[in-house]
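Student: Take this structure, written in structure tokens, and hold onto it; I'll ask about it next.
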Amino acid sequence: MVSTATQIANFNFDNCLMNAAGVYCMTREELEQVENSAAGSFVTKTGTLEARAGNPEPRYVDTELGSINSMGLPNNGFEYYLDYVIELQNQADSKNHFLSLVGLSPAETHIILKKVQESDYQGLVELNLSCPNVPGKPQIAYDFETTTEILTEVFSYFTKPLGVKLPPYFDIVHFDQAAAVFNQFPLAFVNCVNSIGNGLVINDETVVIKPKNGFGGLGGDYIKPTALANVHAFYQRLNPSIQIIGTGGVKSGRDAFEHILCGASMVQIGTALQQEGPAIFQRVTDELKAIMTEKGYESLEDFRGKLNYID
Ligand code: SIN
């Protein structure tokens, strides 16, 4: 019997597929659609200390090869999402979930995480160190010193299962340096990757999104090779206790299969979910299971991380 079930930390999931933060996760109604789909879990929109309207529209556009966005972290405030995941956690048949969070400063991040620590929430937390779209705020995880400082402080008080959402890295030295930072901490997972930040898409003579004069994060087909490289680079470098969530360019069972082959324990769908809706989870699951059946694999463990190289 072929199964796509998986585990992150001590949490079980019937299916390894779920949404990527930012897609189908802004409101309870959207999250409910993912909850009621074939997805194994959902992650909430990254919640900040206060609710945010985000950047001016148009701020998300589908393109031939994926998407470009500069949403600017619009969200209902972290407490909205925290209340919802606690509510679901108290229901007997609920899936396990991921609560995505970040402050607009390290101080705000600590205020948020201390509130989550004090709350009844027992699920997984994803700290977003990689949003490229808030004007004036760099992607935190490109600054290894700040990242180390934040995580050092976080793990002085936070004892619940925590992972980080990472931007893509593009240099072998940066894979080495980033892994050396993350290996110092009891992280449950790293999620590779957020969008490739600050791309530019042009229609005729004009940019296609309004914020930042058109600069925005790329998703979809553009980013799959970069995402796979990041998943595999961290799979090779991180302590085995730090699991990998693979995100980037997943729109088929074959894409999900490749993420798992590179080392992912769970796979998130962003742009393709935005374009196709939550029915995508059943289609991609069926396609993934068909590939596994053809290859004689019964579980993700049969092929996770077992990427072949050319001698
Ligand atoms: C956004 O809200 O701008 C996207 C979030 C992210 O890329 O982390």
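Cβ atoms are placed via backbone N, Cα and C, with glycine included.
Per TrEMBL, the features are:
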type     : residues                                                                     : note
ACT_SITE : CYS131                                                                       : active site, nucleophile
BINDING  : LYS45, THR46, ASN128, LYS165, VAL193, GLY220, GLY248, GLY249, GLY270, THR271 : FMN binding site
BINDING  : LYS45, ASN69, SER70, MET71, GLY72, LEU73, ASN128, ASN194, SER195             : substrate binding site
DOMAIN   : 5-292                                                                        : domain 'Dihydroorotate dehydrogenase catalytic'
Student: Need the DSSP three-state call for VAL193 (FMN binding site) to compare against my parser.
Tutor: coil
Student: From the recorded positions SER70, GLY72, CYS131, pick the residue whose C-alpha lies nearest to the C-alpha of VAL193 (FMN binding site).
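Tutor: For VAL193 (FMN binding site), the spatially nearest of the recorded positions is CYS131.
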Student: Nearest to GLY72 (substrate binding site) in three-dimensional space, by Cα, is which of the recorded positions ASN128, CYS131, GLY248, GLY270?
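Tutor: Checked the recorded positions ASN128, CYS131, GLY248, GLY270; minimum Cα distance to GLY72 (substrate binding site) goes to CYS131.
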Student: Rank aside, I only need the closest one: which of the recorded positions SER70, CYS131, SER195 has its C-alpha nearest to that of LYS45 (FMN binding site)?
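Tutor: Checked the recorded positions SER70, CYS131, SER195; minimum Cα distance to LYS45 (FMN binding site) goes to CYS131.
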Student: Output: those binding-site residues from LYS45, GLY72, ASN128, GLY270 whose CB lies less than 6 Å from an atom of ligand 1, in sequence order; none if no residue fits.
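Tutor: Among the binding-site residues listed, those whose Cβ sits under 6 Å from ligand 1 are GLY72, ASN128.
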Student: Where does SER70 (substrate binding site) sit by DSSP, helix, strand or coil?
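Tutor: For SER70 (substrate binding site) - judged by DSSP and reduced to three states - the answer is coil.
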Student: Out of CYS131, GLY248, GLY270, point to the one nearest SER70 (substrate binding site) in space (Cα versus Cα); all of them are recorded positions in the record.
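Tutor: For SER70 (substrate binding site), the closest Cα among CYS131, GLY248, GLY270 is found at CYS131.
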Student: Restricting the comparison to the binding-site residues SER195, GLY248, GLY270, which residue's C-alpha is spatially nearest the C-alpha of CYS131 (active site, nucleophile)?
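Tutor: Checking each of SER195, GLY248, GLY270 against CYS131 (active site, nucleophile), the shortest Cα distance is to SER195.
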Student: May I ask which residues of the same chain, at least 6 positions away in sequence, place their Cβ under 8 angstroms from the Cβ of ASN128 (FMN binding site)?
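Tutor: Spatial neighbours, sequence-distant, of ASN128 (FMN binding site): ALA21, THR46, SER100, LEU101, VAL102, VAL164, LYS165, ASN194.
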Student: So how many other Cβ atoms are close to GLY270 (FMN binding site), meaning within 10 Å of its Cβ?
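Tutor: Result for GLY270 (FMN binding site): 27 neighbouring Cβ atoms inside 10 Å.
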